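Peer 1: Attaching a single structure in structure tokens format; questions to follow.
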Amino acid sequence: MKLISSDFYLFSTLSKKCAHARAGIQGFTSFRFSVEPVDTLAVRGLPAVLNCSAVSDALVRVEWKKDGTFLNLAADDRRRQLPDGSLFISTVIHSKHNKPDEGVYQCVATIHNLGTISSRTARLTVAGLPRFLSQPEGVSVRVGGTEMLNCEVTEELAPFTRWEKSGGAVDVDARVTQLPGGALVISNASQSDAGLYRCIIDGVGAAKTSEEAELQVSSDSGVEEKLEILQGPVAVAKVVRENVLLPCVMKGHPVPVIRWTFNWRPVDEGSERFAVIGGGSLQIVNLTEEDAGIYSCQADGGNTTNEIQAELTVLVPPRFLTTPSNTYAQESMDIIFECDVMGSPPPTVRWMKDGDTVIPSDYFRIVEQHNLQVLGLVKSDEGFYQCLTENDAGNIQASAQLIILDLDVALPSALPSLTDATADHVASGPVDGSGPVPSAPRDVVASLVSTRFIKLTWRLPAEAHGENITYSVFYSLNGTNRERVENTSVPGEMQVTIQNLVPDTKYTFRVVSSNANGPGESSAPLTVATQPEVQLPGPAPNVQVMSVGSTSITLSWEQPLTGNGEIHTYKLFCSETGRDSEQDTDVTQALSYTMTGLMTFTEYTFRVVAYNKHGPGVSTEDVTVRTLSDVPSASPQNVTLEVLNSTSIMVRWQPPPSGSLNGELMGYKLRYRKGLRRADSVEITTTQLSQIIDGLEQGKVYTFRVSATTVNGSGPATEWTAAETFENDLDESQVPGMPSSLHIRPLVNRMVVSWTPPEDREVLVRGYKMGYGLGSPHAHTVALDYKQRFYSIDNLDAASHYVITLKAFNNMGEGIPIYNSATTRPQSDPADPDIDFYELFNNPYTPAPDPSPMLPPVGVQASVLSHDTVKVSWADNSLAKNQKITDSRYYTIRWKTNIPANTKYKMANTTSLFHTVPGLKANTLYEFSVMVTRSRRSSTWSMTAHATTLETIPSSAPKDVTVISKEGNPRIININWQPPTEANGKITGYIIYYSTDVNAEVHDWVVEPVVGNRLTHQIQALTLDTSYYFKIQARNSKGMGPLSEALLFRTPKAEPSDKMSSDQGLQVKPGHPVLPGHGIGSNIVLWTLLQTVIKCVVCLLCMKVLSSSGSHKYKSSSKDLKPPDLWIHHERLELKPMDKSPEPNTVMTDTPIPRTAQDTPTEPTHQRRDVEAGRKIMMPFDWAPPQPVISAHPIPSLDHLHHHHPAPCGYLHHQISLRAPATAECVRNQVSVPEPLLTPSQPASAAELQKTEALIKEEDPPSTNPPTAHVRPTHPLKSFGVPMVTVSAHNPPTYDTALPSMPLLTQPVAGVKVASIGTLNRARAPVAVTVPSAPDQSETSKMLLQADMTPVALKV
């Protein structure tokens, strides 16, 4: 059978080689080790052999390494290589100071011009000189007892040790055993065991004999002998499938009984693999992994017991689960050699190529623990790759061959060793090269540049020559020839994101398109530099957290291993599990902190971030801890008493408010007593929310109170609540009578029904059933409470006749119904009013008004507990001064909000002087009123109390999001939206997210912050013919709400055709031909004449502004002036910097690449001259130039959310960018009359601008305060992670913090990663960006009245 299998394997191999040869593909070479060296114990002075043999079809050369260095066997007279490749050592040399042969050996086999493989390693150990560490001594033992003769030798000599008795060999069996250290144990001794014993070391040269020791065996004298431990088990490690002997030798009289346990369970001595020998030692044969654990030897000597424990470790040699496979590939591809291993302890893996260790680098990476990834293959990467794995039990190796084919040779198949990006592009067969191939892809641009990834987009080749075009992106480090390839995932896709790049590094990209005929032309190389990454601290290691109380937790950590500079402070982030909000605490000069003031029995999540001069470093992983429990801090809510009969009362309640349990609820304690004064109370424990108290006395007042309990004890109890049992039980032996009255008030779409109870009040009524319908009362049925006296039937048809019936019921059945009918009002009548049921029916319990109504409750107060809960409390003047309720009265609470105006009242009943109203809307004003009812008497409604619930995060996203392109500039879009339906508070800001990939992670989207009172925003510098996705998120003081659905918008394909004419001062609308006589020449004349007139008007207005501002500063006439609406018409204003700093901005850098060919950052000649000359640049507030936008404030962290800044020049600094250091001036004067504005195609001349600026300069000198701007990416999706700072050499700025004034984002959002300069790498909130708030009208007026502000030039 073996021969047939070998022949079949050889036939298959030859068939594959022939097939590959016919296809012009080089076949794999069979190259392996048939024999590998193993660990060997050698004897000094004797020969030793390490076997090794390699087989292959080609000629193999074998060499040997010792301790990693090749042996020079040609010059060695003791060591030589045998014909099969084995190493032969004729005489092993070993001494105390000279051990030339002992070490680690490895066999290396090489095929010329093909590759090299290495065998597993083998250790050669030389046994030391025979010597005894201790000699045996004479001992005495009783008959039946146990004794041990010592003979201690070194570990390597133990296998060569044996015993002799009186010159003869000692037979070792279950009674007489030899321990692993060499000692001899004799159990159940008899007279035949007496004699002279000696220990012999034999087999390592000349035999060495120990001194003789006499063993004497005495008869049993009956005298008790103390239990003595001769040898106990010790920790030992053995390889699986070996044998082990755990010694346990005990001496004493009576003979001790020895038992063994494994992991605290008795050892199954009946098993074939376990045996107790030598009086107590445990022998285990054929070890398995399950045998590892704690073994305990327990000796019972009657009055004394001893126990010794030892751990057995079972080692498992490495074993391959997956071995590397032979692989075909082509240059620039990425491949992965798989190598999955297992063993105990877990083995380590290292890779070798042609006998040399592979060192991980940018192109050789270890992925998924053990696999080797080779990136950007080159021809020199061909050869043999080996996976070598080892642990304490051994080592093994496996190899695979890599063959790199020419690009014009198709790969045989899509091999699993290729990466996903490469395998997608592997052809399944030969490429048909007869047809035309595509031309080069067009307009290759980098639409997104970050610190560690770059996104490329391109357009279809001019000549595709087919459908299903695929693309391959080849890229390499600048200056290297090793290219990598990334392929598009689906045909026709024209974008690829290159990941795992190095920050601040230049890469060269080119794109190749392919069709069915093969790859086409390559695009021109494109060089792009990734953004630099600030050197920030690493994560703080060994974060420990421990709960030290019910409200305090102690954290400790160690200094980060990668500090990258001195640590200035640590910031502890704490968040309650399940909530998005996160609090932070600064800790300086300490590596521990105790946080107090936490909530009891609450789970918190902590993380630590180290800060250096650059900002926050990498955050630690989250650690979770729960504070200790405590007794509840609040009593149960809404306790109500219901008198069931003359001897029973039902007590109901609700749990304490959420968050006040302070632990796991164990149950409730209900106390009750007879009377209102102190008396012996009865306590009942229950886990329910209601309890029936039976066996009470008739006509007596009982008071009740309830408290919640945890494992720590009982919390506070409720106030005593009283109820009086009936003097006599109501009759339930018959059904109730007919309700005494039934009234209907018809409205348009509903009817309000009220009734009074049956006249016979001695019959128990447990509830009512109401039926109603069109012409028949049996269409709908409603069950009502026995206390209810009115009901609103809603959703009725207008102008329709309804019949209504009502009947009371108890346990005996239903009573006689009462009927009534009414017709709803027509639809033309006004809408249904908000009905006050109690005012409508005055006293619902009787058809006639009671002559003495009860007094309404007073002092009604509404206390806000949370965003959805309000506690209403009041006093009752009809009670005694102690406000103790001694009768069966109850209170009705009603509440509603005025938004919308026709909101209905909601009501609840209670028998206490307070009630907790849940389920309210956040940030909503409610009104509350209370009335009291006792028996058949009710009060009027109390005075109204108002309360506004607290804010909470928005629960809905902004709505009605629309995106439109700006007319005349397709690179600018305006995004509009409406506030969220459920804002749950005042909206303080919005965050706009946009990206070209709708499936990208949230932290990869670009963010644009917007103040809360704006519902439109402009986004600039987008890429033409690109699909963008937009989302919006609203924020209030409590945090961020949900994101809106992604909205797709695609920018136009090209600039408008009138762009050139607009630049020349003439606007020609598409579709309007130039008529004869009205051509360009005549239009220029008209525009020139119009410009002259407008310029004169501008000059007169400027003189008027200057003259008026010089005479007064908004005294009596300032009230007549209207401040400019800077937030609505900001697109018409431009900030004119006045500083003439001659120094260029040395900090600012240009965008590494343009987005499209039209985006090349070139400037008009006149503009460039103006900048170089230090002239002032007119710039609109909401306009961004094609250069990177810089910030006057350094931003070390976008994750640090607690910053405040003085806002220079009010709020006119929103999105201002400067190409050179300059200062910003603010609006001082503004005429109230409207001014004509020039269109962009009508720029004012340079002379006129200088004249206007000169007039302005005469009024006030320019301010030296630097402007503030926000970081905005030049590319449509450029990262915010790299802020740039503009610093003037004359006026170096100083700042308190790193971000502008009002924080827009104070709390992260769950599930979103936050990156600080691209390094935090955490699933936290979106990038935190702040923007200033828009001023109110009054604030703008105050800004205009400030005398020390410098003017701003307005472009008209």
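Positions of Cβ are set from backbone N, Cα and C atoms, glycine also.
Automated prediction, rather than curation, is the source of TrEMBL annotations.
Heads up, here are the entries from TrEMBL:
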DOMAIN    31-125  domain 'Ig-like'
DOMAIN    130-216  domain 'Ig-like'
DOMAIN    242-313  domain 'Ig-like'
DOMAIN    318-403  domain 'Ig-like'
DOMAIN    440-533  domain 'Fibronectin type-III'
DOMAIN    539-630  domain 'Fibronectin type-III'
DOMAIN    635-728  domain 'Fibronectin type-III'
DOMAIN    735-829  domain 'Fibronectin type-III'
DOMAIN    856-952  domain 'Fibronectin type-III'
DOMAIN    957-1054  domain 'Fibronectin type-III'
REGION    1137-1168  region 'Disordered'
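Are these features on the surface or tucked inside, and what touches them?
Peer 2: Looking only at the domain 'Ig-like' (31-125), the predicted model's pLDDT averages out at 91.
Summarised by DSSP class, the composition of the domain 'Ig-like' (318-403) is 3 helix, 52 strand, 31 coil.
Residues in the domain 'Fibronectin type-III' (440-533) partition by DSSP class (helix H, G, I; strand E, B; coil) as 0 helix, 49 strand, 45 coil.
Secondary structure of the domain 'Fibronectin type-III' (735-829) per DSSP, as helix, strand and coil residue counts: 0 helix, 53 strand, 42 coil.
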Peer 1: Look at every Cβ pair spanning the domain 'Fibronectin type-III' (440-533) and the domain 'Fibronectin type-III' (957-1054), keep those 6 or more apart in sequence, and say whether at least 3 of them are under 8 Å.
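Peer 2: Contact between the domain 'Fibronectin type-III' (440-533) and the domain 'Fibronectin type-III' (957-1054): present.
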Peer 1: Could you check if the domain 'Fibronectin type-III' (856-952) is in contact with the domain 'Ig-like' (130-216), meaning 3+ Cβ pairs under 8 Å among residue pairs at least 6 apart in sequence?
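Peer 2: No, these stretches are not in contact.
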Peer 1: Cβ pairs under 8 Å with the domain 'Ig-like' (318-403): which stretch of 31-125, 130-216, 539-630, 635-728, 735-829 has the most?
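Peer 2: Checked against 31-125, 130-216, 539-630, 635-728, 735-829; highest Cβ contact count belongs to 31-125.
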Peer 1: How do the residues of the domain 'Fibronectin type-III' (635-728) split into helix, strand and coil according to DSSP?
Peer 2: 0 helix, 46 strand, 48 coil
